[in-house]
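What follows is a single structure, written as structure tokens, with notes after it.
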Amino acid sequence: MSGNSIGQNFVVTTFGESHGVALGCIIDGCPPGLELSAEDMQHDLDRRRPGTSRYTTARREADEVKILSGVFEGKTTGTSIGLMIENTDQRSQDYSNIKDTFRPGHADYTYQQKYGMRDYRGGGRSSARETAMRVAAGAVAKKYLKQVHGIEVTGYLSQLGPISAETIDLTQVEQNAFFFPDVSKLEALDEYMRELRKSGDSIGAKVSVIATGVPVGLGEPVFDRLDADIAHALMGINAVKGVEIGDGFAVVNQKGSQGRDLMSPLGFESNHAGGVLGGISSGQPIVAHMALKPTSSISVPGQSMTVQGDTVEMVTKGRHDPCVGIRAVPIAEAMLAIVLMDHLLRHRAQNNAVVSDTPKIGMR
């Protein structure tokens, strides 16, 4: 299996399965001298960790990350950083009944057809459990971006099913289990999720992620545009079926006089483009949104088939998130941070000596 790495100068490679012994990742390209400890990653891992909320899966994993290499006396050495998280709460017996049955809406069928076999225990490599290592690697990128360049990455749940955030107060995101920025909707969210659990069904969501402090110039046209790489990274997250940069699909209904971001020496007057122009960062906040489908692991019966081709009625057992969008918030932050870190190092390698006489502007 290829496709386990992302990045060119800041390269993250993950390995491991949902019910395997452990998950791991290798980070190549992190500059030396960055103070780094397991605690720097643990905060974001705890935000993603299962079993911490009644709104997410009941699987309980400590997700305690271990640094295997690349750090000496509390600082990165510039060599490969090896990270590992042990799996401790697998219940593989929950999946014994689907050993020969495909779960509709999951990767079971496609993995079987592509590789001629599959790890049926929780989806194996296709499980969102793998994203724990992306979050760990993203935490390294986030620390470097903030400490060295003042770049901050923040995500939040902007919509869960029919409930959308009408006000965005980022100070409230870490104060509730939904990572939701509109406190006036928390009671409605709680009630909606309770009813959803009773029905045995699941729901989709929209997650937004913003990066502030991003300098002008990141992005490598034509095929390595910054927005293209962001979309690639976010689309690589489990259950994501759509990505928007800036106004996204809303531009379909905009006129040119509405959608362009007017500018003056005082700054940009709007940010419809989401901080990227021509595939290059403009100095405005990077804004991206992603749509996540409802998980197919539900207790509502549905038709499927066996590996032998027989039709069966399927009910998925196990411990699953009724809305995967909640725990996707720190994952989205991690992937955006990894892309920005990679492009920052690439820009520095090629254009560090470039001096422009044009004044830099930001958001007015």
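Keep in mind that glycine also has a Cβ here, set from the backbone N, Cα and C atoms.
Copied over from Swiss-Prot:
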{"type": "BINDING", "residues": "ARG48, ARG54", "note": "NADP(+) binding site"}
{"type": "BINDING", "residues": "ARG125, SER126, SER127, ASN238, ALA239, GLY278, LYS293, PRO294, THR295, SER296, SER297, ARG319", "note": "FMN binding site"}
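This view paints the features noted in Swiss-Prot onto the structure.
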residue : record               : DSSP class
ARG48   : NADP(+) binding site : helix
ARG125  : FMN binding site     : helix
ALA239  : FMN binding site     : coil
LYS293  : FMN binding site     : coil
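All protein chains shown were included, and the count of other CB atoms within 10 Å of the CB of ALA239 (FMN binding site) stands at 20. In this structure, the C-alpha atom of THR295 (FMN binding site) lies 17 angstrom from that of ARG48 (NADP(+) binding site). If you take the C-beta of ARG48 (NADP(+) binding site) and look for same-chain residues 6 or more apart in sequence within under 8 angstroms, you find ASP63, THR131, ALA132, VAL135, ARG327, PRO330, ILE331. In sequence order, MET1, GLY16, GLU17, SER18, TYR111, ASP119 are the residues of the chain that are 6 or more apart from ARG125 (FMN binding site) and have a CB within less than 8 Å of its CB.
Around the Cβ of SER127 (FMN binding site), the number of neighbouring Cβ atoms within 10 Å comes to 20. When the binding-site residues LYS293, THR295 are compared by the number of other C-beta atoms lying within 10 angstroms of their own C-beta, LYS293 comes out lowest. Its Cβ taken as reference, SER297 (FMN binding site) is surrounded by 20 other Cβ atoms within 10 Å in the chains shown.
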